[in-house]
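Following: one structure in structure tokens, then a few remarks.
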């Protein structure tokens, strides 16, 4: 009917904004009408750009959307985000509700849509996810990760102890920002470290824990900042807001940050846009939420203060040229704060100890060497303390039930917030490492994009055509290849005896890499390129463009060494944090520590392994201008980022096949008015409906392909013509409404129709509610009368005589309720009432678990739950004494089919629920016993099959893996098992597949699909396929 399609009319009202419709009483967003308004606001997916190879067209689409405050745009499943530099009203809880559970492409692009898509994949497919956020400083990466965490902590279901975990996940951010972020020329809150955070979710999808990995903290900022930049936030927050007594104990002056040598290098102690006082309040609260006690906070602040005092430690030379400390006050404060001997510290700062062939030699340091040693100690103390801080936060976020976690009963979503490609006037060792990291991420990005494209094509039965793309493996190898790469040559130069310097390192690069197409120096360049290269620089041709690196400081930063006697002093510290950061093992270990570049290379390799093991999603953040001004769009700057983020390459890879793909249902629902055979409703198979529709639209064979569940359209022009035809069709839909006496051309009609629908729905819900309430009151009256009558007549009167006479089964009670006219007083028995209460309790639990979640739950509602489903044919086979005893004491028994974990061979068994555990019986033998305490959870599908999986710890030597069973009474069996084992909240209902543990470290998969009849088969890929 026309009213059934009223939602369609709202969807196409021609507005560029987001509109709401009422669907089954719930409000949600529908797709942004950007297809019909594309001339004004651009397209919401770059795949729909007609001229997709044009960088100018790409940037113009970004500009149009940015002008309309549409800061999010897709490239397929990749989200491009442009920093608006102002507050937008699109992050409220109401917006979160609108994006929850809605198809990814069904509504306007948003970070909540991507977050929800990853979350639903974790819940339904049990696949670990990761979200990779990249972009240059000031593009909004940190804010994006905050918004995702906010969505998960707000919208996910709760568990008994998850409130504190939610708070800790959120409060970890301000603490890490205080110690790891700083004001730079490009960003007032720039992350100076890379962060990867895993958020753990339990069976019900509640967040239960987290874990953080940190990468490449910019330690050099502790001792030096460029003009206009600041040191890490924590120094200024402490000086600005720490109370007087605390500052006195730390030996600090509250009034003037410029009194501290390490805070004046950038000549920017205070910034109008940064409130250090408010930030300190937030950090202080976060310390408390995370679990720091007052002593730990003070110990941590002592370390922070000691770095400032180190910076103020000055040196001089006597008449003999020997270096000595001229600021004894600083040594006194350092001795108190670090808990070390002041004389030993003074000696270590002015002398170095060398161990050669078992002998120790102590020699004086020059003035320049002493200053370097002081700075090296400050960087080491701060860098190791930051690592300790991350570990402390991880202890707070860790989920306590280790068995539950290690058995893979939880899933994770990882958030990677890491520095983007960096190109400055002067690029040093830090930029080299950062850009190497981005090369690796770009390599992973393209590989996984191609992989996901190929998998989607194969799943839909569409032929895959190989795609030409720039493989940046050649650049990654140039940097990281063993014995031949830049890192290997740098390490070699750092370790070799003799006079090694940054220039000798550059010369060795020229000798070894002179012929490489992606490497050039001043010496190797031609005349034109030579003018742009200094004699102390080398150039790498990255995937994103050319970058010149100045080699000055490469060796020192890569060595990152601390003199042995300084380590000895720190190992003797009485400050608990410093003691944990400096281990005595370092003094006895004769091996040279790994260089900074090698450590970063190894940690990056581990990160790649983590990301490869998960299903990725991507957020690419773009900064529209350098002035942090809302509404200003600088094309040159944006073009620079589009290039460095590899967005055009990604678009080209995605467009190599089909530009647009949608499910049959979504495509047919949107465009069905264009064909008389599909309008107003198509009653047949969805694929047939789409075929009918595209034939009517005269699609050419080369313009589209039909997969198993989706339509693939090759050219955006085809889609736009279809959309334009829909726009033309709208007036005729309005004419049909006019024939009914309505007008669809004005907003009043729309509101009227909605009001009418809502009134009718409300009236009908009221009728049904009143009927249910009446039945419940009648049932309550019957039960009250029954209890009263039974008590008076039988309990007080003649209990023993009539007990047997009035003991009826629950089945009889239900039969009486159905036929009250034939039974007047026989059902009024207290025993029956007690049995009915137990039945009711089990039914309530079953409703809480399965209602609206499993297809065959409605059929189980009128059926009674019984004490056993084992008949004589089953009990006769249990002749063994132990089995007979177990059967007699069982609270519940049912026949099941067990599927072997490896070959999935079906074997008949009996499942017995005892007081303390589950027993699986075959004829006269007990085949397996599982204690309720070791049962981790139960998984079932959302279909009407009877399969369920009992998850057990893989570390338990008594268990061979998870138990895969099939039962004709799955609702009853799982409900009773959940009640007996106290695992009501650990029943997981999956839509597509269930993973189960075969053995330690190995997994099996059960795939579920709809079908006319139940079939359980083993597939070629080794999985168990269930059709129901």
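In case you wondered, yes, glycine gets a Cβ from its N, Cα and C as well.
Marked as domain 'Myosin motor' by TrEMBL: 42-727.
The C-beta environment of residue 136 (ATP binding site), restricted to residues of the same chain at least 6 apart in sequence and closer than 8 Å, consists of 186, 419, 420, 421, 422, 623, 641, 644. According to TrEMBL, the feature ATP binding site maps to 135, 136, 137, 138, 139, 140, 141, 142.
Through the fold, the region 'Actin-binding' (604-626) approaches residues 62, 66, 77-83, 85, 111, 114, 117-118, 121, 127-141, 144, 186, 196, 213, 215, 412, 414, 416, 420, 436-437, 440, 444-445, 448, 632-634, 637-638, 641-642, 645, 647 of its own chain, all at least 6 residues removed from its boundaries and within a Cβ separation under 8 Å. Sequence annotations record features per position, and here TrEMBL assigns region 'Actin-binding' to 604-626.
Per TrEMBL, the feature domain 'TH1' maps to 854-1028.
Residue 135 (ATP binding site) counts 26 other C-beta atoms within 10 Å of its own C-beta, drawing on all protein chains shown. Fewest other C-beta atoms within 10 Å: among the binding-site residues 137, 138, 139, 140, 141, that description fits 137. For residue 142 (ATP binding site), the count of additional Cβ atoms within 10 Å of its Cβ stands at 22 [all protein chains shown]. In this model, the domain 'Myosin motor' (42-727) carries an average pLDDT of 86. The ATP site, placed at the center of the C-beta atoms of 135, 136, 137, 138, 139, 140, 141, 142, has further neighbours from the same chain whose C-beta lies within 8 angstroms: 83, 187, 190, 420, 621, 623. For the region 'Actin-binding' (604-626), the DSSP-based tally of helix, strand and coil residues reads 9 helix, 8 strand, 6 coil.
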